[in-house]
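Feature annotations, reproduced from TrEMBL:
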type	residues	note
SIGNAL	1-17	signal peptide
DOMAIN	51-233	domain 'Aminopeptidase N-like N-terminal'
DOMAIN	268-473	domain 'Peptidase M1 membrane alanine aminopeptidase'
BINDING	His340, His344, Glu363	Zn(2+) binding site
ACT_SITE	Glu341	active site, proton acceptor
SITE	Tyr425	site 'Transition state stabilizer'
DOMAIN	589-857	domain 'ERAP1-like C-terminal'
Amino acid sequence: MFPLLLLLFALLPSSHGAQIPSPDQPKEIPVATNGQLFPWDRMRLPKTISPLHYDLSLHPNLTTLDFTGVVRIDLDVHEDTSVVVLHAKKMYISSALLLAPAGTRVLQVLEYPRFHQLALMSDVVLTKGRKYEVQLEFAANLSDSYHGFYKSSYRTSTGEVRVMASTQFEATFARGAFPCFDEPAFKANFTIRIIREPRHIAISNMPKVRTVELPGDLLEDHFDTTVRMSTYLVAYIVSDFQSVSRTTQHGVKISIYAVPEKINQTAFALDAAVKLLDFYDDYFDIPYPLPKQDLAAIPDFQSGAMENWGLTTYRETGLLFDPDRSSASDKLGITKVIAHELAHQWFGNLVTMEWWNDLWLNEGFAKFMEFVSLDITYPELQVDDFFLGKCFEAMEVDSLSSSHPVSTPVENPTQIQEMFDDVSYDKGACILNMLRDFLTPEAFEIGIIRYLKRFSYQNTVNSHLWESLTDICSSDDLDEGRMKHKEFCSKRKDESGASKWYSGDELDVRAIMDTWTLQEGFPLVTVEVKGREVRLSQERFLRTDNPSLTEGFLWQIPLTYMTSASRSVHRFLLKTKSDVLYLPEEVDWVKFNVNMSGYYMVHYGGGGWNSIISLLHHNHTALSGNDRASLIHNVFQLVSVEKVRLDTALELSLYLSRETEIMAVWQGFGELVPLYKLMEKRDMPELENQMKSFIVDLFRGLIDQQEWNDSGSVSQRVLRSYLLLFACVRNYSPCVTKATRLFNQWRDSDGTMSLPVDITMAVFMVGARTREGWDFLYEKYRTSLQMSVKSRLKWAMAVTTMTDKLQWMMEQSLNGEVMKTQDLPDVIVSVARNPHGFKLAWDFLRTHWHTLIQKSVNSSHMNISNSRDGPKTVQRYCKYNNIASLYKNGHLDASLLCFVMRHNSSQSFYLSSYCGWAHIRMGEAVRVGGASVKMLKAERTSYIKTF
């Protein structure tokens, strides 16, 4: 599952999700709804029986917004039993039968809603080793949330509202659509039939094999039987969608489905899906096992996308692309989402984690393969320029005491949904990238192909992956591999110099990677150079004033480094708390974590940072753009834990006046902008304005170089859009003047004038500053069918200074008529980021809290890019800040909870990271690239501790 742009996971409330008692509470005796003792007292299903095949028939009614169904499940009995325990949620079971060789018998049905379980009680023993079949008839309402089998709708250009039904079953929501064994290890085959009206179509995981006419002017579509898969991958849609199709080189039919008026925005996604599925087919050396792959753009869809086998589903913004109106970042984002979901067809669908504690085996791999696949299939997108940002985002969450190991025990739906976060996705991808760099790409490729082949249609745990990546040149699987793999292994035997990285007696992949997956956090490596001697030490990087929380952590760290004397990459495996390595000669500087391929930060002790700063000021291109970005990131993060003085970090940042690489520039903004945002919220206007001027002056040369068109590479275009937007937001006169002129021309043409896509954010933002301009933007938002354009318009409207407009936007999003409720978290967070809307957003949140709970109580995702704290931190904050009464009654998307965390809070992480800089003094003017700028110098006169 792909999170929104950037990652999504859930906080489900205790009153609506299956729960288990805490360890210190007595175990509750399970009682069914009819008062009888329920025969099973655990959250996880018993393993006495497993499903083999589901025959599922469904009849959704899009007028009454409910559905009926019949499911027949073939069962394999592993132990003698008279009870079948499976899942169902908010479902009426009208009939339950045991279909056995001896005849049909009625089953008693017991319900235990607390665990979403049904018990089918048989009056005869089901015998070990025999096969049985149960049949259940059921009915339920279409969900009004964004998961299970739910209602969606959209409005046509003529104003007509059309209703459809779609599914979202990951992680534990298939049980709300049909009775099933809703755990990933209970894989089975599915044969699905859907009854519909002639005005609709139905699609599912497999191709339709026939359509049967039924009485009452109804049609029943019969779909082919699926391969063996988990329940969370089942999918079906009933809609009036149209489609476009092509066939891959390997004979797989690819189709893109969308609402009729947007079908002309599907060409790019179709090309991308064809190219990427062919790539994965070849890269994994395992044919895609289904005859078709559909990609559907759903009007109401809260996740970013979902990897249902053979029918992947997406937000419209994640699939639809207009070449004339969509931006370079839109193209990059859409391609990444498609690459992510198609990678899941192997990682997650073909080979599935045994249980949700190892979700990262699905999501970390899919995130990682986004970048591997696009680097080869779409080199012009320059995805390597953006991978580093994923690791920085993961570290931001992973540096908190509320973080969790990549692989961590979970049991109930609440805990499972919390696993869909930056740690599972981004940290998972980053440690895989580190391992790939450590083993070499060739060895890594051999290992993961072996993993996929060994465990096809099975479930796995961490150790299965590490075993497959260990001693990769053993002969057991090479005969099935490709010639290039055999050549690689033959070559390795002849390269004794580097053999210690690959030979089985030297390299224990499991021992190394267990330190990265079974403990939370990441290491800070301190480097101190004295002559030829390099002293190394490691500790956990953690934002805390409690040293005991950093004790007991030890990683096996694959260090890389380069020096002023040699640009070759050198390697050293740090297994202990401290160690020493020796250089061939004394050097002017040393840079560890080359290209930041490792998931760790580096602190240069002694005069190390001074050497790095001198290098950047005099010859910054001696290091790669990723190296420079990682130095900016590391030094400012070290300020937040008082390892480095702020003036050291700011002095390093001065070199940015000569920087042009996107990740380094982006990281510079990412570290400097929060400084003035802090001052803005602390009502420190003089310091705020001086800080803004410092940043504008620092990047003035780069801003002035930007052309107001769509020329250049993807990275250059993304950077241009950001720079012009920043300059206009900060009221940089040349930018505001040009953007105002262009907006007036565009408005005078009634929006028909073609604006370069890359500049529209800046133009729209400036236009939204006047009431007439804002109203014009809203009208274009209301009538536009281009989702990327609507996104930019919505963002620009939320930047206005007019508080009544900001209030109206939030109310409209809550209402869901014009601005969809699925976008409500984005709207509130956008308003909250506006200095004129911060208090408004907080008041709106408090006023509408219970309504918001009802609307989002079942929404299973939250935007981690907007949330710097995990659920534990949110709960702690609520406990200590008198909003526990709001939190305990339900949850909201964490992008909203994140706003709660940041509002009026001297304890939130956002502030505590920077509040040591709150009493910054402005120093003397310095010369930077010929421009006079103010250099900030600071003393840490106060530091508010992280709670």
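Including glycine, each Cβ sits where the backbone N, Cα and C put it.
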Rounded Cα-Cα span from Tyr425 (site 'Transition state stabilizer') to His344 (Zn(2+) binding site), Å:
13
Around His344 (Zn(2+) binding site), how many other C-beta atoms are within 10 angstroms of its C-beta?
27
Take the Cβ of the residue listed as 'active site, proton acceptor' and count every other Cβ within 10 Å, whichever protein chain it belongs to.
29
Distance from the residue listed as 'active site, proton acceptor' back to Tyr425 (site 'Transition state stabilizer'), taken between C-alpha atoms, in Å:
13
Whole-number mean of pLDDT values that fall within the domain 'Aminopeptidase N-like N-terminal' (51-233):
96
